[in-house]
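As recorded in Swiss-Prot:
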type	residues	note
ACT_SITE	His61	active site, charge relay system
ACT_SITE	Asp105	active site, charge relay system
ACT_SITE	Ser198	active site, charge relay system
BINDING	Glu73, Asn75, Glu83	Ca(2+) binding site
DISULFID	Cys28-Cys158	disulfide bond
DISULFID	Cys46-Cys62	disulfide bond
DISULFID	Cys130-Cys231	disulfide bond
DISULFID	Cys137-Cys204	disulfide bond
DISULFID	Cys169-Cys183	disulfide bond
DISULFID	Cys194-Cys218	disulfide bond
DOMAIN	22-242	domain 'Peptidase S1'
SIGNAL	1-15	signal peptide
SITE	Asp192	site 'Required for specificity'
Amino acid sequence: MKFLVILVLLGAAVAFEDDDKIVGGFTCAKNAVPYQVSLNAGYHFCGGSLINSQWVVSAAHCYKSRIQVRLGEHNIALNEGTEQFIDSQKVIKHPNYNSRNLDNDIMLIKLSTTARLSANIQSVPLPSACASAGTNCLISGWGNTLSSGTNYPDLLQCLNAPILTDSQCSNSYPGEITKNMFCAGFLAGGKDSCQGDSGGPVVCNGQLQGVVSWGYGCAQRNYPGVYTKVCNFVTWIQSTISSN
């Protein structure tokens, strides 16, 4: 889910979303993204990433006090026999999360019971270092697949996209990019995360480098997706887990 802010300007409604979904991607192979989770409140509302058997990383803008975490999902409309549904025990937003500019848009969810890891449910490692521009990453989610209009898929969608340079990112969003954000995708448009993908993973070289956070529309030219820079939060993640 990308964060959606509606700006009404001269009678035109412009979507500035922080709710991400995949546009221009492809259906992931079944259970090929075993760390991907669906956050559910009677409906899918955000994605997340399993980082160990009892903790999930998502976006702070996805916060709800009670969340059911659905693991091992591929088709979220069917029970395929690989799923585990586990309620949250704790939901912890970053203490410096800013809902206005989406700085520090990261959140931890402690599961009420430990997930049983399997071929279909696996954790993803935290980054050992920040990823450089040009690194190709896998972005995934059940978010909207249309840049204009809505189509929410049942099957998990994947997108391969490169990390953009800091200058490309800041030029696309002047004054809006903090040190805790990076851009990934294609300045030409056509491929992006979108509403419903928010909180989900950006995995580069097998490590969780990003969390789907926000963007101006989806897959629009010169407006790439913006992601939380997980490498800046490894210490916070580790200390929060150890103290909870």
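Heads up, residue numbers simply count up from 1 along the chain you see.
Cβ atoms are placed via backbone N, Cα and C, with glycine included.
Here the features listed in Swiss-Prot are painted onto the structure.
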| residue | record | DSSP class |
| --- | --- | --- |
| Cys28 | disulfide bond | coil |
| His61 | active site, charge relay system | helix |
| Asn75 | Ca(2+) binding site | strand |
| Glu83 | Ca(2+) binding site | coil |
| Cys137 | disulfide bond | strand |
| Cys169 | disulfide bond | helix |
| Cys183 | disulfide bond | strand |
| Cys194 | disulfide bond | coil |
| Cys204 | disulfide bond | strand |
Recorded positions clustered about Cys46 (disulfide bond) [Cα within 10 Å; pool: Glu73, Glu83, Cys130, Cys137, Cys169, Ser198]: Ser198
Inter-residue C-alpha distance, Cys158 (disulfide bond) and His61 (active site, charge relay system) (nearest angstrom): 22
Integer mean pLDDT for the domain 'Peptidase S1' (22-242): 98
Sparsest-packed of the listed disulfide-bonded residues (Cys130, Cys137, Cys194, Cys218) - C-beta count within 10 angstroms: Cys130
Disulfide-bonded residues compared (Cys46, Cys169) - the one with the fewest other Cβ atoms within 10 Å: Cys169
Other CB atoms within 10 A, centred on Cys204 (disulfide bond): 23
Ca(2+) site shell beyond Glu73, Asn75, Glu83, criterion: Cβ within 8 Å of Cβ centroid: Ser38, Arg70, Gly72, His74, Ile76, Leu78, Asn79, Glu80, Thr82
